[in-house]
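First the structure, in the form of structure tokens, and then the observations on it.
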Amino acid sequence: MSTKMSYLTTCLLFFLLAFVTYTNASGVFEVHNNCPYTVWAAATPIGGGRRLERGQSWWFWAPPGTKMARIWGRTNCNFDGAGRGGCQTGDCGGVLDCKGWGKPPNTLAEYALNQFGNLDFWDISVIDGFNIPMSFGPTKPGPGKCHGIQCTANINGECPGSLRVPGGCNNPCTTFGGQQYCCNHGPCGPTELSRFFKQRCPDAYSYPQDDPTSTFTCQSWTTDYKIMFCPYGSTHNETTNFPLEMPTSTLEVA
């Protein structure tokens, strides 16, 4: 075998090994848009951003040890060919490819992989308010709190007047600030306004110290995850059943 052929063979084997490792590794996230409108998905610190029409999915891999990670949807965006512009909700500094967190209100999927006890920690949060219905869960559910969750109530339609903004519903911390709503230091409890969110989305974080009912875990390395915007195909759904199947998607890989 010639030196050139040996080199090409080595490169091919390396590529195949990398491909198999990627496709079989946990920590792959699918972000799927099932809304009847365009959503500009965002993810940090891994991912960036992607425009998703209805039925499209965006896939990316987050390595073990990734933490303080967020995935969210942006609405009513307009970007130029260079990826500069802005969004009505969830904007991340006027760019398509997000490097920082989004501007409230935005429904959040949060996660940290391979943390204490070899666990993945993840949740849905409305601490930054609500703009799009969302479901979030492992592709291979496990025991305990390793199962799908959702926040799909009609929060935008029922939002209290003091929290209502164009395109979404702000959390009281964003609107009023202060220890009572933001838990800046020391212990704090739920408020009447945080209960508005909790009653409609009991699995979601409604204020910063809402951990006992809002943090979910799966054993690291055992599953991938999927996030779906508008899991029931409309702007909200009053039922509490987690959808069992993903709609047929158009695949987009990061």
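Each residue's number is its place along the chain shown, starting with 1.
Heads up, the Cβ atoms here are built off N, Cα and C, so glycines get one too.
Where the annotation comes from TrEMBL, it is an automatic prediction and has not been curated.
Look at TrEMBL and you will find C35-C230 (among others) tagged as disulfide bond.
The annotation disulfide bond is assigned in TrEMBL to C77-C87 (among others). Spatially close to C87 (disulfide bond) yet at least six residues away along the chain are W40, R74, T75, N76, C77, N78, judged by Cβ distances under 8 angstroms.
Look at TrEMBL and you will find C92-C98 (among others) tagged as disulfide bond. Within its own chain, C98 (disulfide bond) has A42, A43, T44, G47, G48, G49, C92 as residues 6 or more apart in sequence whose C-beta sits under 8 angstroms from its own.
Residues or ranges marked as disulfide bond by TrEMBL: C146-C218 (among others). Using a 10 Å radius centred on the Cβ of C218 (disulfide bond) and all shown protein chains, the other Cβ atoms total 25.
Residues or ranges marked as disulfide bond in TrEMBL: C151-C201 (among others). A C-beta separation below 8 Å, combined with a sequence spacing of at least six in one chain, links C151 (disulfide bond) to T107, I124, V126, F130, P133, M134, S135, R200, C201, D203, A204.
All protein chains included, C159 (disulfide bond) registers 19 other Cβ atoms within 10 Å of its own Cβ. Residues or ranges marked as disulfide bond by TrEMBL: C159-C169 (among others).
Within 10 Å of the Cβ of C173 (disulfide bond) there are 23 other Cβ atoms, across all protein chains. Per TrEMBL, the feature disulfide bond maps to C173-C182 (among others).
A 10 Å cutoff on Cβ-Cβ distances gives C188 (disulfide bond) a total of 16 other Cβ atoms nearby, all chains included. Annotation comment: TrEMBL describes C183-C188 (among others) as disulfide bond.
Feature annotation from TrEMBL assigns signal peptide to 1-25.
Each of the disulfide-bonded residues C146, C169 was scored by the other Cβ atoms within 10 Å of its Cβ; the lowest score goes to C146. Spacing of C188 (disulfide bond) relative to C218 (disulfide bond) is 28 Å (Cα to Cα, whole number).
Straight-line distance linking the Cα atoms of C146 (disulfide bond) and C230 (disulfide bond), rounded to a whole number, equals 21 Å.
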